[in-house]
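Below is one structure, written out as structure tokens; comments come after it.
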Amino acid sequence: MRLIPLQTSEQVSRWAARHIAERINRFQPTADRPFVLGLPTGGTPLQTYKELIRLYQAGEVSFQHVVTFNMDEYVGLPKEHPQSYHTFMYRNFFDHIDIQPQNINILNGNTEDHDAECRRYEEKIKSYGKIHLFMGGVGVDGHIAFNEPASSLGSRTRIKTLTEDTLIANSRFFDNDITKVPKYALTVGVATLLDAEEVMLLITGYNKALALQACVEGSVNHMWTVSALQLHKRGIVVCDEPATQELKVKTVKYFTQLETQAIQSVL
């Protein structure tokens, strides 16, 4: 696992966006050989999306031959709802780049058969071979996507009941009214994420410090699904200084020395 300890969330976003752009450009995707990118929603990746848009506008990256798969979507929330993840992705990213509409994949939380929708999603991912890079965020309780604590580390795309902690955290997007937050979501599984060629997690803020500690220093544990990243051969965690507060000093120093070049690239 790589841990890239930066100073600020702005540096985290800038490094992550540049890494994505570099991966796409190095891959040299074509219509017959697209680059497959996994994407999250939420507050953490917002600045990364803004930076990717800036790189696109500067002519430094194109999404013409990029296929995307989003992590999750609420169940029962219309696509047009202002807080649906469909709306989030188009408003904050897709509407501002040259991605082809047919290359955008987001789970449909309004189908009559959720199990069938989840199977379809898994098959669609497999049809491209693999996801080349999956970017993600992390919840305060260490969940990745909507794989809440005690989720199976071998799980696949499925419907999940959201925990009270998640409902409270997400209520800020619903007028701070927890009763308005959907209670269920469709989400890729932990194993789905681990199947990706590379997984990059963005962890920022004091409130994510325990999750970062569990990810980097803890044991692999289904109560902290983020810890499953330890099993991945190409896992990257990009964090800011506040998120490192629960890590051992020697851990931060170790990775700071290892990642000197990466750190200097955003200074």
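Backbone N, Cα and C define each Cβ position, glycine as well.
According to Swiss-Prot, the protein carries these features:
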- ASP72: active site, proton acceptor (ACT_SITE)
- ASP141: active site, for ring-opening step (ACT_SITE)
- HIS143: active site, proton acceptor (ACT_SITE)
- GLU148: active site, for ring-opening step (ACT_SITE)
- SER151: site 'Part of the allosteric site' (SITE)
- ARG158: site 'Part of the allosteric site' (SITE)
- LYS160: site 'Part of the allosteric site' (SITE)
- THR161: site 'Part of the allosteric site' (SITE)
- TYR254: site 'Part of the allosteric site' (SITE)
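Where Swiss-Prot records a feature, it is marked here on the structure.
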residue : record                             : DSSP class
ASP72   : active site, proton acceptor       : strand
ASP141  : active site, for ring-opening step : coil
GLU148  : active site, for ring-opening step : coil
ARG158  : site 'Part of the allosteric site' : strand
TYR254  : site 'Part of the allosteric site' : helix
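Of the recorded residues, SER151 (site 'Part of the allosteric site') and ASP72 (active site, proton acceptor) place their C-alpha atoms 15 Å from one another. Across the structure, TYR254 (site 'Part of the allosteric site') and HIS143 (active site, proton acceptor) place their CA atoms 26 angstrom apart. Under 8 Å, Cβ to Cβ, and six or more positions away along its own chain, THR161 (site 'Part of the allosteric site') finds GLU148, LYS183, TYR184.
Ranking the recorded positions HIS143, ARG158, LYS160 by C-beta neighbours within 10 Å puts HIS143 at the top. HIS143 (active site, proton acceptor) sits 15 Å from ARG158 (site 'Part of the allosteric site'), taking the C-alpha atoms as the reference points.
Cα of LYS160 (site 'Part of the allosteric site') to Cα of ASP72 (active site, proton acceptor): a span of 10 Å.
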